[in-house]
Amino acid sequence: MTIPLLEINSLSFSYKVNLPPVFNNLSLKIEQGELIGLLGENPAGKTTLFNLIRGGVSNYEGTLKRNFSGGELVSLPQVINLSGTLRNEEVLDLICCFNKLTKKQAWTDVNHKWNDNFFIRYDKIRRKRTYTVSYGEKRWLIISLMVTLCKNARLFLLDEPTVGIDIQYRMMLWELINKITADGKTVFFSTHIFDELTRDKIPFYMLSKNSINRYSDMSDFIQSNNETTQKRHLLKKLWEQETDTWI
């Protein structure tokens, strides 16, 4: 029996004693090599859960077992800040530096993972300063380089990875993520974009009412809740969560 990469049991957390809990008796398990989503409306606690996983929050009840070292975790926050004076190709240099890679080693990995469309896209922006390209372009570049070059990582935590990224480049990014999970990497990503969980049979956790439920895919999500259309059911779940915050 394999040991889960991440295991959380009966976790409860509140930012302050007199505030309602963000999580109440939350449990989840993530295995090595999984691509798994985290669905929930803003602010359902997706970012807070990621902060807990990476050790940014410690005042919780319950158990959180990380069966990986700090160097085996790569986390992408929702907001990315880069110096505007950097050229986009220098982002590659920074990631090489953090991962102790030579440019030759990096390009070997990039050539192995990227298809022609990636190189066409990269060539268009690589000499530009980061302030001259869109937020989505910067995000696409950083994620593409991170998942390609962070070879020691076992778990990637991606908080809303495709926010601001055009649909065609979003699809390229998911193809790349599928490649690294096929190689045994684990990707746990948060999203509130419905379609990102319907294009493939992607398992996901649903955050609702301060707790969490796991579904094997969107069909399981529908069948478990006796609904006939995906969007109607999702809206019902998120509506329950939203109205509870108003009471």
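Any Cβ shown, glycine's included, is placed from N, Cα and C.
Values in this document were obtained by computation on a predicted structure and should not be read as measured data.
Annotation source Swiss-Prot lists ATP binding site at Gly40, Glu41, Asn42, Pro43, Ala44, Gly45, Lys46, Thr47. Here Swiss-Prot flags 6-234 as domain 'ABC transporter'.
The number of other CB atoms found within 10 A of the CB of Glu41 (ATP binding site), across every protein chain shown, is 17. Within 10 Å of its Cβ, the residue among the binding-site residues Gly40, Pro43, Gly45 with the fewest other Cβ atoms is Pro43.
Neighbour counts of Cβ atoms within 10 Å were taken for the binding-site residues Asn42, Thr47; the minimum is at Asn42. In the three-state DSSP assignment, the secondary structure recorded for Gly40 (ATP binding site) is coil. Classification of Lys46 (ATP binding site) by DSSP places it within a helix. Of the chain residues outside the ATP site list Gly40, Glu41, Asn42, Pro43, Ala44, Gly45, Lys46, Thr47, Thr48, Ser190, His192, Leu207 have their Cβ within 8 Å of the site's Cβ mean position.
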